[in-house]
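Engineer: Residues or ranges marked as Zn(2+) 1 binding site by Swiss-Prot: CYS50, HIS72, CYS166. Among the features that Swiss-Prot reports, Zn(2+) 2 binding site is placed at CYS103, CYS106, CYS109, CYS117, with the record citing similarity to another entry.
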Amino acid sequence: MAKSSEIEHPVKAFGWAARDTTGLLSPFKFSRRATGEKDVRLKVLFCGVCHSDHHMIHNNWGFTTYPIVPGHEIVGVVTEVGSKVEKVKVGDNVGIGCLVGSCRSCESCCDNRESHCENTIDTYGSIYFDGTMTHGGYSDTMVADEHFILRWPKNLPLDSGAPLLCAGITTYSPLKYYGLDKPGTKIGVVGLGGLGHVAVKMAKAFGAQVTVIDISESKRKEALEKLGADSFLLNSDQEQMKGARSSLDGIIDTVPVNHPLAPLFDLLKPNGKLVMVGAPEKPFELPVFSLLKGRKLLGGTINGGIKETQEMLDFAAKHNITADVEVIPMDYVNTAMERLVKSDVRYRFVIDIANTMRTEESLGA
């Protein structure tokens, strides 16, 4: 845990920040840089609440610098563009996802995989090129290089589309990369939560046969009837799990806490792939023999590059994919964090920044 010293920039900004490991978010005055020639400035309209926001404000991963303004599922309207910006114009709706910077010259960046760059700059909690701390979308305004700005499809809702900037790309990308996007592919989705319910929608749009695997029997009806999954497995029911052995081509595991992996490997066909997208606080135990039997693959992914994220947004708009959301006011965010940990949301919180961020607040500098 570290403390950052705020550098005064020309543009005043207002948001909600956590200041220590309690994770309590409160009003926070700060500043953002002036609009550079390749920069896009936007008024934030909506920002999704991601499980990683909770991890970061509590320093669960051990690298948080305070104060920290979370939020990397950001939708807004462009208010100013730099003199050399060509991608968008004032008045356009746009998105900012998990990244606001990378080296732009390494092999990963040149291959449109900015998220794999060793010098990636996260939307919040990272050091920007000018040495200042990045702050996220729990704020009234954002500025970013146009390369990291995403054009918002006209028919994609702003509020329920916002979580796609993390949950959408985090599930779309592995389905594409690991070859699990072919019609008829049998896909398992572990955990019917913020990531999981989007994974189901993405996989179904690709034409997959989807099995939801969850610890809660109460999720069965929603998985099958509302989200359109083809089957449901209660992973605490050994008979159900045994009956489904060697039935899946791939599994997208969205659970962000430690859990046994061996039962999931048993569900895979030979050459099957288990892809981890949840980020737990502690390392998993790896059941090596489960991998050896059947030449199975354990993989992982972390969001995606800018080109692929734009592709995902366009795909979502074409197939009418959005997140199931509960829109909340800014001052409800601490309660939302408490509910998030209890899985008491169906399935994603989205903060109505534009209508509920009271910038006249004088608290917390």
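Just so you know, the numbers here start at 1 and follow the chain as drawn.
Using the three backbone atoms N, Cα and C, a Cβ is placed for every residue, glycine included.
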Engineer: Note down the number of other Cβ atoms within 10 Å of the Cβ of CYS109 (Zn(2+) 2 binding site), including every protein chain shown.
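Structural biologist: A count of 21.
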Engineer: Three-state secondary structure of CYS103 (Zn(2+) 2 binding site) from DSSP?
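Structural biologist: Note: CYS103 (Zn(2+) 2 binding site) is coil by DSSP, not helix or strand.
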Engineer: Would you mind reading off the Cα separation of CYS106 (Zn(2+) 2 binding site) from CYS50 (Zn(2+) 1 binding site), to the nearest angstrom?
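Structural biologist: Pair distance, Cα basis, whole Å: 29 Å.
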Engineer: Provide the three-state secondary structure of CYS109 (Zn(2+) 2 binding site) computed with DSSP.
Structural biologist: helix
Engineer: Let me check the 10 A CB neighbour count of HIS72 (Zn(2+) 1 binding site). How many other CB atoms are there?
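Structural biologist: I count 25 other Cβ atoms within 10 Å of it.
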Engineer: Under 8 Å Cβ-Cβ from CYS103 (Zn(2+) 2 binding site), six or more apart in the same chain: what's there?
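Structural biologist: The answer is CYS109, CYS117, GLU118, ASN119.
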Engineer: Counting other CB atoms within 10 A of each CB, which of the binding-site residues CYS50, CYS106, CYS117, CYS166 comes out lowest?
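Structural biologist: Ranked by other Cβ atoms within 10 Å, the binding-site residues CYS50, CYS106, CYS117, CYS166 bottom out at CYS106.
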Engineer: Please state whether DSSP places CYS117 (Zn(2+) 2 binding site) in a helix, a strand or coil.
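Structural biologist: DSSP call for CYS117 (Zn(2+) 2 binding site): coil, neither helix nor strand.
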